[in-house]
Structures are given as structure tokens and as C-alpha cells.
Amino acid sequence: MGFDVLLDQAGSLGRFQILQIAFFFVTSMITYTHILLENFTAAIPGHRCWVPLLDNHTTSGNDSDILSQDALLRVSIPLDSNLRPEKCRRFIHPQWQLLYLNGTSPSTNEPDTEPCVDGWVYDQSSFSSTIVTKWDLVCEFQSLKSVVQTLFMSGSLLGGLMFGRLSDRYGRKAIYTWCLLQTAIADTCAIFAPTFVVFCIFRFLAGLTTINIMTNAFILATEWTVPKLQYIGITLILCSYSIGQMLLGGLAFAIRDWYTLHLTVSIPLFVLSLLSRRLVESARWLVTTNQLDEGTKALRRVARINGKKSAGEILTIEFVRSAMQEELNKAQTKTSVIHLLRAPKLRMIICFLSFIRLGASVPFMGLILNLQDLGSSIFLFQVLFGAITFISRCSAHLIMKHMDRRINQSLFFFLVGLCILVNTFLSQEMQTLRVVLATLGIGTVSAANATFFVHALELTPTTFRSTTAGINNVFSRMGSVLAPLLMTLVVYSPHLPWVMYGVFPILAGLIVFCLPETRNRPLPNTIQDVENDTKESRKVKEEDTFIKVTQF
């Protein structure tokens, strides 16, 4: 575990780390808005059928000139069960008799209606345009709206596995830059998509890379920081998600047409992809993949940025080889995903991490649906949601400084489950308490996720860190799909879905204790480090590393 010694020589928390985390903060903040875009770009505004009396401005007549808009609407559009104008049907012929006696004139038959064969008219008070208004994704086509987000999440699921392995094989920096560029190109092209199918394809391509931008930011920040400070960078990047949520709410409030909003959050990614070329590749990854010369150059560059001029003389290839001799010997053996599956301890850790990620994602998505009761303004909801998660993630940062990872996660997960289960059996009249509990649940599950990210990265070896992060992302996406499916259980009991939402985090909180504790411990670099790891072996390795350093 000698890399932390090298990092101390180059600077474990200096100018380089601050600039790196600041860059990741900005990129993650902008990238996270792309995940939530459909909240606004695919919003369904109020709508009704297009009818000649109201919407054909070339038509004029005594009746249409004299009568009010409400009266013309009454004779053209039938009412639904809530006595509101139907959104998907219109009268074949104007029903003038409905204007008399409050619409109760004698009628032997119900007036004939038809679908909106001439299209729809949309309410533009909240959104001047969305993809729904562009391609008329309403009424019998409304199910197509969910296809966009489903394809985006499917892309995230596939991309997590694909780019995770590519990152472990070809490097964090190259994949990070590529993912930024692909997301920028795909979502910019989506604006100019001529058809809905083409738009979906581009959103799928954006989904392939979006999650990996944030995953690689976590990994690079972790691998360039000593263990006792790793939680700082990860927490700050997580907080950027919350800022991104609030930023998107503000931008969507100011920009009401979908294509301008899409373009506004896509253009910065082109600039960021160019700037990302100035990033330094993970020296930890370079050394553990037997690229000793490149790893030494990266360490020297970081030392120079951190103002450690004398470190350039110390950080020689011989010094790096001496400090990392054990890891270099292990790196001589080529590894693949098969080796990961054959390692019993690491395999068990990945299984536990995957279920915990699933257990965090299910209640998170379930609570999002319930939080809509906070208000009717989607813009206010987005900002409020971001503020809640920001506060909780900052709190998690402070708690991680003083509490073990397992206890930290477990307490948060138990609190999430308790909030949901109590909320499940409260009466609908206790609206204020229900909202408070739902808000507390969102905050605690966000805090649990913050600790999970730190713990997961500290448990997995450098040679497979991106791969295992990709596997965790797959289970996160599975949780996003499972949460709405659980809501179908409401046909058996209105409480059953919410009981399930509450049980998942409690189980996750219990499973956390099956994982090793990692607070203030060196990162594992190889599969062998994980397999042979015990408290005693770690102490021995740390003592060996100390002896190596004192010899120079």
C-alpha cells in the first residue's frame, strides 16, 4: 500500500487537488442537469383538441363573434368526470343546445365525439414549448413521453458497464474527456432531431456517457487524495449534484422553451471537454497497470503544481518502484473481469454493495413521487429538492469525519426506513407531518448515498474500481425501474408499496455491517490486496511503508 507515501511527497491536498475538485464540481453540476432535463423539456402542459370555432382565426360568423371564448369552448369540447374540458376528445359538431339552461336542455342522445384529428392546442403559461408539444405526445401517444427517460436510463445502465471497464483498461482521463464530448454532441444534436425517434436515439447516446462523467470524477478525486481526506472531494462532488438541481430549476424558470434550455446546458460541456485535457491521469492507476514511467511523470507534475520543488528529485522511477514493489509484482499478472468473479472476498463485497445501492435507489425514487405534494410549482419543487439534498450531503461530510463508514450508513438507512414506514400509516389529513417526514426521508437517503460512494470506492481495488462502480450504477438504475413497478402493488393494498419502500433501506442498513470498515485506511490497489486484507495485514503493510520512507 505504498502509493500514499508517493502522494505525500507530491502533495496530498494542495493546489492541484483543489483545482481538480473545483473542475469536477463544475462539470458534475452541469452534467447532472442532463439527467433531470425531462422534468422540464418533457413536461405535459394543459391541452385540448383544436376546434375551428376557437382556433381557426380565418373563420367568422355571428355566433362566433358574439359568444365568449368560454361559451365556444363549451359547445366544442365535452366535459370530463371532473367537469373540466376533455383533453383528448371533441364534439363532431358544435353543440349549441348546451348553452341553454346551463347545458341541461333535453337531449335524447349523448353528442357524438371524436379524437383530436386536427391536433391540439397547448397552454403556454408554464412552458412555451416542450418535446410533448413538438411531437404531440399526449392522449394515446402520452406513453411515448416515458420512452425518452427509459432510453436515457437504459443508456446509463449499459454505459456504466461498458465505460467502467474501458476506464480501468485505458485510463480515467481519456474516458472522462470522451464522455464529456459525447454527452455534449449527443444532447446538442437532440435539439435538431427531425423526428421523435432520432431524438430518442441521441438521448440514449447521452445516457451512455452521462453517469460515467460523474463516476470518473469520483474515482480521480479519490485516487489523487490520501485516505483520511478522500471523503472531502467525494462530498463536494455530491453537493454539486444538489447545486445542479437548483440551477436547472432556475434555468427552466427563466427559459421556457425546451430547445434553448437543452442548448444552454449542453454548450458548456464542449468547453469543459477541452479543459479536461489539462487533467492529470491517475498515477495510482498508471503505476498499478505497470506504466511506471508515465506514473512517475504524473507524480512530478502534481508535485510541481503543488509547489513542492524538491519532490522532483525524490520522485524518481527507482523511488516509485521501491515504494510500489509489492503492487508492481501483482500487476505483472494480467487481470480481467473473470478474475474479479473468481475472487471470493471481492465478489462478496460487490454483491453487498450492489444490494445496498439498490436499497438506496428504491426509496429515493419512491419519495420523489411523494414529494410532489409539496407544491404545484415544478420549478419550486426542483430548487427545494436540491436544497434538501445539499444540506444532507454537507451533514454527511461532517459526520464522516468523526464516525465509521458502516455505522454512518446504517443510521441513515434506518432513519429513511423509519420515516417511510411512519408516513405510510399517517392519515391524509396530517399533510404537514407527511411532508416533513417525506422531506426528512429524502435528506437522509441522500446522506446515506454520500457515505456509500466513499465506502464503495475505498473497498474496491484500483485495477477494477471503475468496473465495480459501473456495476453499482447498474443496480442503481434497476432500483429506479423497480420503484414505480412496486407502486402497482397498490391494487392489493394502498400501504403495500410504501412498506416495501421502507423495508429496502432497513435491509441495506443491516447488510452494511457485512462489509469491512475502511475509515482512514489505505486504498487497495489490486485484487490480492482485497483478498488478503485484514486489520493485522494492513498494520504490517503500513509499518513496512513507513520503513521504506525513512530509508530515503
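Cβ from N, Cα, C; glycine included.
Over in Swiss-Prot, the protein carries these features:
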- 16-36: transmembrane segment (TRANSMEM)
- 144-164: transmembrane segment (TRANSMEM)
- 175-197: transmembrane segment (TRANSMEM)
- 201-220: transmembrane segment (TRANSMEM)
- 232-252: transmembrane segment (TRANSMEM)
- 255-275: transmembrane segment (TRANSMEM)
- 349-369: transmembrane segment (TRANSMEM)
- 371-391: transmembrane segment (TRANSMEM)
- 407-427: transmembrane segment (TRANSMEM)
- 435-455: transmembrane segment (TRANSMEM)
- 474-494: transmembrane segment (TRANSMEM)
- 496-516: transmembrane segment (TRANSMEM)
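Most Cβ pairs within less than 8 Å of the transmembrane segment (255-275), among stretches 16-36, 435-455, 474-494, 496-516, belong to 16-36. Residues of the same chain lying 6 or more positions beyond the ends of the transmembrane segment (175-197) and with a Cβ under 8 Å from any Cβ of it are 27, 31, 34, 37, 131, 135, 137, 144, 163, 166-167, 203, 205-206, 208-210, 212-213, 216-217, 220, 259, 262-263, 265-267, 269-270, 272-273, 276-277, 279, 466. When Cβ distances are compared across the two stretches, the transmembrane segment (201-220) makes no contact with the transmembrane segment (407-427), since fewer than 3 pairs at least 6 residues apart fall below 8 angstroms. The transmembrane segment (16-36) is in contact with the transmembrane segment (232-252), judged by 3+ CB-CB distances under 8 Å for residue pairs 6 or more apart in sequence.
Scored on C-beta pairs under 8 angstroms, the neighbour of the transmembrane segment (435-455) with the top count among 144-164, 232-252, 407-427, 474-494, 496-516 is 407-427. Cβ atoms under 8 Å from those of the transmembrane segment (474-494) belong to residues 153-154, 156-157, 160-161, 354-355, 357-366, 369, 500-501 of the same chain, restricted to positions at least 6 beyond its ends. Panel annotation: around the transmembrane segment (407-427), residues 356, 359-360, 363, 366-367, 370, 396, 399-400, 433-434, 437-438, 440-441, 444-445, 447-448, 451-452, 455, 495, 498-499, 501-506, 508-510, 512-513 of the same chain, lying at least six beyond its termini, place a Cβ under 8 Å from a Cβ of the stretch.
Only residues 6 or more beyond the boundaries of the transmembrane segment (349-369), in the same chain, are considered here, and those with a CB under 8 A from a CB of the stretch are 340, 385, 409, 413, 416-417, 420, 438, 441-442, 445-446, 448-449, 452, 456, 459-460, 468, 471-480, 482-484, 486-487, 497-498, 500-502, 504-505, 507-508, 511-512, 514-516, 530.
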